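These notes are about the structure you will find just below.
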Amino acid sequence: MKQIDLKILDGRIGNEFPLPAYATEGSAGLDLRALTESALTVAPGQTVLIPTGISIYIADPNLAAVILPRSGLGHKNGIVLGNLVGLIDSDYQGPLMVSLWNRSDKPFTVEVGDRIAQLVFVPVVQARFNIVNDFAQTERGEGGFGHSGKQ
């Protein structure tokens, strides 16, 4: 298991609320919690930025982290990430914040400590461009959206 530096920014972590942890041996994501001062109601159509109480420093340029929605929040309550996916670069050291967007038609209350998103570490390949006039021919070629069919 890869070791990542984590800084606790809110003293409630480790006391009232646990550090982010994998729920099972097969879990890909670690749950991030809402570390607000009090409950927060998100109105329909509103987007809010919520602190998680932690910062991380990945340090390895071959890794990044992504903040992803929790499936139940989106499916059951219409709560998704305001930026759809949050990308955490390996050299970022600031606080992890979660942008929540209420796309439903009902207010949604986020309680202090609620699990609101998940953090997943992913491999990164930094590429260098090779300028060419033409590409090698493929069966697909320039076929774009819908090119491969529906079934």
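The backbone N, Cα and C atoms fix where each Cβ goes, glycine too.
For ARG70 (substrate binding site), the same-chain residues that are 6 or more apart in sequence and have a Cβ closer than 8 Å to its Cβ are ASP31, ARG115, ILE116, ALA117, GLN118. The substrate binding site annotation in Swiss-Prot covers ARG70, SER71, GLY72, ASN83, LEU87, ILE88, ASP89, MET97.
When the binding-site residues LEU87, ILE88, MET97 are compared by the number of other C-beta atoms lying within 10 angstroms of their own C-beta, LEU87 comes out lowest.
Neighbour list (SER71 (substrate binding site), Cβ cut-off 8 Å, at least 6 residues apart, same chain): empty.
Between the two most distant C-alpha atoms of the annotated substrate binders (ARG70, SER71, GLY72, ASN83, LEU87, ILE88, ASP89, MET97) there are 26 Å.
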